[in-house]
Amino acid sequence: MAHDDKPGVDQVTGRETTGHEWDGIRELNTPLPRWWLWTLYATIVWAVGYWIFYPAWPLVTSYTTGVSGWMTRTAVEDSIAELHAIRGETGKKIISAGLSEIENTPDLLSYARAQGKAAFATNCATCHGSGASGAVGYPNLNDDDWLWGGTLDQIATTIRHGVRSADQKAHSGVMLPFGRTGMLQRPQVDLVVDYVRSLSGLEVRAGSDLPAGAAIFKQNCASCHGDDGKGKRDTGAPNLTDVIWLYGSSREDVFQSVWNGRGGVMPNWQGRLDEATIKSLAVYVHTLGGGE
Amino acid sequence: MISLVINHAKDRPASHDNDEGPLYAGRQKIFPNAVHGKFRRIKTALLIVTLGIYYFLPFVRWDRGPDAPGQAVLVDFAHQRFYFFFIEIWPQEVYYITGLLILAALALFLMNAVGGRVWCGYLCPQTVWTDLFLAVERFVEGDRRSRIRLENAPWSVAKLIRRSVKHTIWLAIAWWTGGAWVLYFADAPTLVHQLATLTAPPMAWIWIGILTATTYTLAGHMREQVCTYMCPWPRIQAALTDEDALTVTYRYDRGEPRGHYKKNEALRLAGLPAGDCVDCFQCLHACPTGVDIRDGNQLACVNCGLCVDACDSVMTKLNRPTGLIAYDNDANIRRRLAGEKEVRRIVRPRTILYAGLILFVAGIMAFALGTREVSGISVLHDRNPVYIRLSDGTIRNGYTLRLLNKLGTEARFALSVTGLNGAEIEAVGIAETESGRPVVMVRPDQTQEVRLLVTYRDELPPQASIRIGIVATPVSGGEAAIAYDYFKGP
């Protein structure tokens, strides 16, 4: 009986099958539309063209480069060049404008803050932290305590020339190692540490002789930190009467400062960063909130 | 009677070798006949209205003031604005687009519940443009018979001329379609002038090229294949349709047994069963997707009703009642066969639900649109550092504000803080103040970013996190915009 049926023809629909059969279920042959198939061929041809035109095939130590010479590296270089061209326009305005003029022009301010923020993240965040909040030994740039001055120009100068850097015009000023070099004896250091901590209202050792500490301070420290301990910016000597402590306010921290001295270094950025970037950084830091 | 077989499949020649089927299916070209009737008139009217809107809407002007675009409908990518008559949408308000998409989906559901695939048959762009292209084809090459004759005729000068004229008009329409598209993205008269003087930006030419190619290919050459092979909507529609939806239906209870008119007339006189269908194939010849509706409801049918018109005109000529093919459903046919009354239930839970949802969503959108602010403020608290201790021990927090001015005129906002009595505020780079509050100028139709520093000199409770409001009050009067955030302490 089976021989009477045309093999490969479905009896119900009278249509051809593909000849495939699963558990008695046969697949009707419903071929693809011609245009669909041509679309497939066209994509194959396209792929071949693509292989020839663009880098495509990995070889053992290299790859096929393609006749177009296209490389991701040159594409990136082009993008960077384009970016520089765009930045150049506003960058020129930033260079020609004064720092306070930048800050008072909303467009320039937002540009400078954006560029400054990016430059800060790349160059400054390593020491000062990504939010410029500093760390022990690295000043917090958000607050109103400035070792070398917090006006726009002072900040720009600090960025340009750095602190105790190789630059001739760098800020300099040294906290001497009073204890280590024997300039002060151990009991004297203890006394002056107590006195310094008392200046900002911190707790001192019971029975400490503050007037004696004050005398030692006046003799050894006042030349830089001032008679009142409020610091001097030309030497970068910090204000010892406020609540902000660069190297920590604990007795042990202050003792270390007096015994071993201090002297943080900040690189000079002039020559490493372009003028527009330096000015943008100055504006950015100034507008973090502590600017004077 | 229900069959999902696409009609042209059965005309395919059988292969001699049963194991080796054909590699591909050649397209059975369809030559739809012109029809006249109610549904053809509706289709033509919709074609004129929808294409009219599409081609001419960009030229409608709308006065929004000196610095704003004067085009009623404009997608302004460069300035990130979308204008729709009196509505102006900013990028952060794209939820209106979401709302429109939801409305569109619900409208499709409702249309489907009432009339099956009427969207496909009357309003789908593929159908509308195909209909237009078919009209051109009919105008140049004549109706079905002469088109078939021309198709089968060997190439001659006459055939070449006819074909060239047809394709030229098609390409012109396709070009105009692409041209109209780009006019929605730039000032229409300016762009038309640029296109005419060949000074338009490359992006305009690229998009016109893409739309010209797709329109010409899809509406001129692929036609019903788009609906049967490419479009996912028929599959979704099949899941959405219920047996109450009115779809184009051949009333086989009335039509069968089909046969020659005179023979059936004789049978009828003899009291023998005879249907109204005279097997004239007018319905099949009218169909733009090549469906024989008498095979039942099927995937390729777009519910356009042209076969209804074709059949009705034949029935009228034969003095038989019209409606042998009509918008009906199989449930009704079964009811009539069982001697019951046919039922048309357009108002039923499903349609009420869809209509209700449409009204609900439209209501929400209208409310959101009616109450949207013309100015606004958003605030971002500094995260690193969260707070700053100043040298005198007081605490300061930094915030980044963004002030929005959606008006066509410049706005000035005075900034203040609520919820923290005695807090001092300072806006970076802002010198102007008004009764102690910093005043920020925001240009027309712009936003302005401001860095705000809030200092609190009194003692804060430990682990302080105080909710504060940052208020932007328009200096010239009007409702203040407020954003809430926290003042953090150690």
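Keep in mind that glycine also has a Cβ here, set from the backbone N, Cα and C atoms.
Some features that TrEMBL has for this protein:
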DOMAIN    B:289-321  domain '4Fe-4S ferredoxin-type'
TRANSMEM  B:44-62  transmembrane segment
TRANSMEM  B:94-114  transmembrane segment
TRANSMEM  B:169-186  transmembrane segment
TRANSMEM  B:198-219  transmembrane segment
TRANSMEM  B:351-370  transmembrane segment
Using a Cβ cut-off of under 8 Å, list the residues of the same chain at least 6 residues beyond the transmembrane segment (B:169-186) that approach it.
54-55, 57-59, 73-77, 129, 132-133, 136, 140, 192, 195, 204, 207-213, 215-216, 219-220
Counting by DSSP secondary structure, give me helix, strand and coil numbers for the domain '4Fe-4S ferredoxin-type' (B:289-321).
15 helix, 0 strand, 18 coil
Local confidence of the domain '4Fe-4S ferredoxin-type' (B:289-321) - pLDDT mean:
91
